[in-house]
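S.K.: If you scroll down you'll find the structure; I have some questions about it.
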Amino acid sequence: MSTYPVLVVVLVCLCHMSVAMEEKKTYIIHMAKSQMPDTFDDHTHWYDASLKSVSESAEMIYVYKNVVHGFAARLTAQEAESLQTQPGILSVLPELIYQLHTTRTPLFLGLDKSVNIFPESDAMSDVIVGVLDTGVWPERKSFDDTGFGPVPDSWKGQCESSTNFSSAMCNRKLVGARYFSRGYETTLGPIDESKESKSPRDDDGHGTHTASTAAGSLVQGASLFGYASGAARGMAYRARVAVYKVCWLGGCFNSDILAGMDKAIDDKVDVLSLSLGGSTPDYYKDSIAIGAFAAMEKGILVSCSAGNAGPNQFSLSNQAPWITTVGAGTIDRDFPAYVTLGNGKNFSGVSLYAGDSLLNKMLPLVYAGNASNVTSGNLCMMGTLIPEKVKGKIVLCDRGINARVQKGFVVKAAGGAGMVLANTAANGEELVADAHLLPAAAVGLIAGDAVKKYLFSDPNPTAEILFGGTKVGIQPSPVVAAFSSRGPNSITPEILKPDIIAPGVNILAGWTGAVGPTGMAEDDRRVEFNIISGTSMSCPHVSGLAALVKGVHPEWSPAAIRSALMTTAYTVYKNGGALLDVATGKPSTPFDHGAGYVDPVSAVNPGLVYDINADDYLNFMCALKYTPSQINSLARRNFTCDSSKKYSVTDLNYPSFAVSFPADTGSNTIKYSRTLTNVGPAGTYKVTVSSPNSSVKIIVEPETVSFTQINEKKSYTVSFTAPSKSSSTDVFGRIEWSDGKHVVSSPVAISWS
C-alpha cells in the first residue's frame, strides 16, 4: 500500500521532466493583421500577447512587417500546436534551412557594344541591387566608388558596425551592409567568432562573388593566378550594392532570410538577388516565395538560383511564378589541361592550377582504388590513401562525395605528385575548373574510362599533365550546365521553370580575403578574384541584367522586366543549331533552359511584354484552390476567391507555356489566355508557331494583333490539342510574335502526367 503514493510522485516528476526537456524549435508565425483585437494599439503587442498565451518564457526572435505579418519564436511542438489554435493565427511553420547554390561574361553577353543602350546615366546609378548571401569583403576593388555621385535619396538602409566591420567601410558604391543571425544562433548557439565574423563581413567568399557579379565596379587587370585575365565588371557596374548577410557556416535559416528581405524592402532596394534555396514546399510555406511576393508588390524584382541538382528532372528550387528562376550555362572561355599517357594517347581536361608544374615529364600513374585499404578509396577521401603506394606518382581519383579540391589535398598530403580527377556517370562530360593545390586536371567520363583502361592493362603506367592557360572562342557555346537544376515545376506543372539560363560555369568575380580560392582551411593562398561555378553565379548575372533594364525603364514592373529578359532569350546558335545540354550532348529543352540563354542587349527593346500584377497572382492562388488563410499567409491580406468565378492557372499571364495533359485520357484540349502590352513603337505583330510533333495541334487566336500606342494591351488565346501519352512523349515548341523588327518568343513544353 505504501508504494502507491510514491509511484504517483515518480510519474508526476517524470511528466514534468519530459515537458521541461521537450526540444524547442524556431517557428515562423503568420498573423491575420485585420483580426487584431481593439484592445491592442500595436501589432507587436498583439503578437507578444499571443505568444505569451502559450508560453511565458518564449521570446520573439524577429518581428516582421513587410514580408510577413507576424514573428519568429522558439517553441516546443506542443506550444506551436496550441498557438495554431489561437485567434488571428494563420499558420505556424517550422524553421527551414536553405543552402547556398554554389570577367568574360559582359563581353560574351554583348555588353561591350551597348554603350548607347545602357548609358552611364544617373538613372543607372540610382538602381540598388540587394544581395542576400554570406556578406561582403568591402576592401575589394569591385566595390570601389570612384566616379560615383551621391547615394540616391531613395536609399533608407544602413551600414552596420560590428565584428571586423566598420560603417565607414560602406561608400557610394557599397551603400549598405547588414547581418541577420538570430535565427541561426537560437538553433545552433552563438556564432563562433574564431571561424566567422558576426558582422556583414564575408569570411566565405560566396557573397562577395555574387555581389560583384551582379554590380561590381570595373576593375582592370583582374585574374585568378593569371587565368581569365582582363577587365572584370559586374553586369550593372554603375548600379549600387547593398548586402544582407543571412548565411553562416551552418546554413541559411529562413527566419534570418525573411528578416533580411524584410529590411531590404524597408531600405528601398530595386532588385533582390538570392543565390540560395532548399526544399520545395507549397508557396505559402516557402519563406523565399513569401518574401518575394512582398518585394514584388513593392516593385522589386527577385532573382533566385534554380539549384545545382541537375541533370535530374523535377530538381528545381524557387519555383514561385513571381520569382525569376535562373539556371546555368557556359560561356566561350575554358581553362584546358592535357593528360598524356605512356601509350601516347592524349586527353583534354580543365584546371586552374598555378603552382610549380611537373616539369613536363612522365611520372608513374596509379588508381586511387588500388592505393587504399578501404572500399571507397577510389574517391580519395581524407585518410584513405596509402602513402607508400602514391608517393611521387600521379593519382587518378574518381569524382563524387567529397569536394573536388579536397581530393587533391588528400593526394598531396599522402605524397602524391599530381592528380587526374575522373568524372563518373553522374557528371558525364561536364568539366568544372578548380584552383587545385597540386598539379591536377579534371577529365570527363569518356576520357576517365580510357585512362583507367590503360591503367589496368599496362604493367607500368605513366602519365604527364600539361596546363594550357586560358582559351576563348570555345565552341559550341553556350551549353546548358549538367549541374543546373531542371523542370518540370513540381508544384505547378503549368508554370515553366527555370525561367532563363545565364553564365554560371567558371565565373571570375571578387573573393574574400579570409580564405583561399578553394575555401579549404589548408589553402593559405589569398586572391582578389576567384573562379567558381553554380547557379549561384548565374543568378546574380540576371539580377545585374535586370538592374540594367530597370535603369533604362524605371517604370517597368518586375514582371515586365522578367518578360523582356525571357522573350528575347535565344535557344539556337548563330549557325542555326539548337542549344545543347552538356549532360546529354543533345539539344536542350525548355525544362533545361526555360526561355533560353539571356540576351540583355535585346531585352532593353523587347517590343512587347507580358505584364503581371499582384491581383493576377491572387487569382492564380485561387486557381490552386488555396484557402483564405493560406492566401493571407502569402499575400498578407484578406482575400476570398469568388465562388462564382472560374479560375485557371493557365490564365496567369506568363511569358512561357507549360502544358500538362492527364495521361489516362484520349484526345484533349487545354486553352491558355495571354495579354501582350506594347512597350515599343506602333506596329502589327503576326504569330508563328513551331512544333516538331504534328500530333500536337497548337492554335493561336487571333493570329495578328496591332498596336497604335505605348502601353496598349491586346489579348490572345492558345489551344493545345493532343492525343494520350500512349502515342506521344514530351513535346517542345515556340510561339513567336513579330513585327519584322522585334521577335517576342515564348517556349512551349507539353508533357503527360
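Keep in mind that glycine also has a Cβ here, set from the backbone N, Cα and C atoms.
Copied straight from TrEMBL:
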- 1-20: signal peptide (SIGNAL)
- 26-101: domain 'Inhibitor I9' (DOMAIN)
- 126-574: domain 'Peptidase S8/S53' (DOMAIN)
- Asp133: active site, charge relay system (ACT_SITE)
- 192-207: compositional bias 'Basic and acidic residues' (COMPBIAS)
- His206: active site, charge relay system (ACT_SITE)
- 363-450: domain 'PA' (DOMAIN)
- Ser536: active site, charge relay system (ACT_SITE)
- 651-750: domain 'Subtilisin-like protease fibronectin type-III' (DOMAIN)
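On this model, are these features tucked inside or out on the surface, and what's nearby?
M.R.: Counting only residues at least six positions away in the same chain, the Cβ atoms of Leu100, Asp202, His206, Gly207, Thr210, Ala211, Val243, Tyr244, Lys245, Val246, Cys247, Ser273, Leu274, Ser275, Leu276 sit under 8 Å from the Cβ of Asp133 (active site, charge relay system).
Residue counts for the compositional bias 'Basic and acidic residues' (192-207) by DSSP state, with H, G and I taken as helix and E and B as strand, are 2 helix, 1 strand, 13 coil.
Over all protein chains present, the Cβ of Ser536 (active site, charge relay system) has 30 other Cβ atoms lying within 10 Å.
Per-residue confidence over the domain 'Subtilisin-like protease fibronectin type-III' (651-750) averages 91 (mean pLDDT, predicted model).
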